[in-house]
Amino acid sequence: MMAHRTLSALLLALAGLAAGAGADLALPRGVSMAKASLYQAGDTFTCLDGSATIQFQYVNDDYCDCEDGSDEPGTSACAVGSFYCANRGHAAAEVPSAWVNDGVCDCCDGSDEYASGACPNTCDEIGAAARARQQQIDEMRLRGYEVKLKLIEEGKEKLAEKQVRLAELNREKEVAEEMKNAREAAKNEAEAQERLLLDAWHEQRRQQEQEHEEANRQLAEETFTRLDVNSDGKLTTEELQREPKLDKDADGVVSKDEVDSITMNKDELEMEEFVVSTWPLLKPFFHPLHVPEEGGQPTGAPAAAPDQQQQEVAEGEELTEEELAAGEVDAGDLVTPGAGTVQELDRDEVRTAAAKQARAELQEAEQKLRDIEREVGGVESFTGLDLGPEKAFAALYQQCFTLENREYEYKLCVFDKATQKPRSGGVETSLGKWDSWERPEQTGYTQQLYNNGQQCWNGPKRSAHVTFACGEETRVLDVTEPAKCEYKFSLETPAVCERPSAEGEQLFHDEL
């Protein structure tokens, strides 16, 4: 049995070596030049995984000795292991050694079916077609790379412009801060003067109200005394019925009902109750009792109509502090007997208007400072971004690209946001806002993440993963939703194109 295996191994080894007779080095069938040092002819062969050492003549003897199948690269004896297709004229390849001589052509040179010789060598035709396709790809990449160079220059110019603008904004910000501080000081000074005016105005108003209350009480007490015919300190219904001014219906008689409507059905009133409760209702029927000046209205003159009296009261209502502070008070509103000269009123009016103007000027300065700070933030967010190697993505900053399908319009604004909008109309849905590059050290700045989009119904917040491939122009190729509320944008752009090597992709070669 051992003698038979030895003979078989010798014949297979010779056949395997004969397969490489055209090469400078004779290697076992299915072994690449890259592994030549591991298969040097000698007395023994050690499995590549170190699991066993066998006689070299047992390599490719159609019996699996190594656990990793490394002793049978040119036969299907092992379930694992690989067979090397030289595929001269096309691209070399490796297929599982278990496929060797299975009747299926896996290598374009037919070397995997050496037992039957049934597979023709088509590597020249396949290689020519593949090289033509690769040439088209290389030409496209070269054109894309040339566009990328322009994008890099545009990005550098844009970045330089932003840096110049940032320096200008910082200078403008200093000036705006100084202006804001100066106007704030001016406003504080104007409001201090305004407070003096308001304090004086409130004091004057308080005195006027006090004088008015005292005069009103005096008038009420005088009226009470006049109507208290028997001077017993009480006003009765009968005494009030004697006053003809209370004849509301002008029938010549003051009825009890007419008196009750004023006294709230009370038969008699003492002085204090009359002053507090009854006088406000009774006053419109009387003119104030006073000693007339020469040519003035005598005591007991006909009463003014109640409507006219109420209008006079309305005209005497107190002006609000807000009206005064807002500069809405005319000089005439402050004119009262003994209030001061017209010159003083004009000066006070100017102080109030000055405070109003100072507040407006401060608001204007604050708004200008906010606008500058907002622009500074926008410029700094751009200059601080990782814009890829050589700032290749700078020219694409916040540029938007769209794709429409049957239902939606998808939009990606680079370094800003991703959105979705129904084509039939409706509101735009946020699919995510710019977050970061995804593993740039591994993906070579070809993947971005847009996060924290609109919340999904019974799901997470929407997000979008963006993948860039080389292309002559930037455009959205496809948008999918591989998981609920998780979107994938596929774009091509010159920004990721690399210059093809002079030797091409090195995919097609002839081995020694």
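Cβ from N, Cα, C; glycine included.
Just so you know, TrEMBL annotations never went through curation; they're auto-generated.
As given in TrEMBL:
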- 355-382: coiled coil (COILED)
- 294-313: compositional bias 'Low complexity' (COMPBIAS)
- 215-250: domain 'EF-hand' (DOMAIN)
- 398-499: domain 'MRH' (DOMAIN)
- 204-253: region 'Disordered' (REGION)
- 290-317: region 'Disordered' (REGION)
- 1-22: signal peptide (SIGNAL)
How does the domain 'MRH' (398-499) divide up by DSSP, counting helix, then strand, then coil residues? 7 helix, 58 strand, 37 coil
How do the residues of the region 'Disordered' (204-253) split into helix, strand and coil according to DSSP? 32 helix, 3 strand, 15 coil
Within the domain 'MRH' (398-499), what mean pLDDT does the predicted structure show? 95
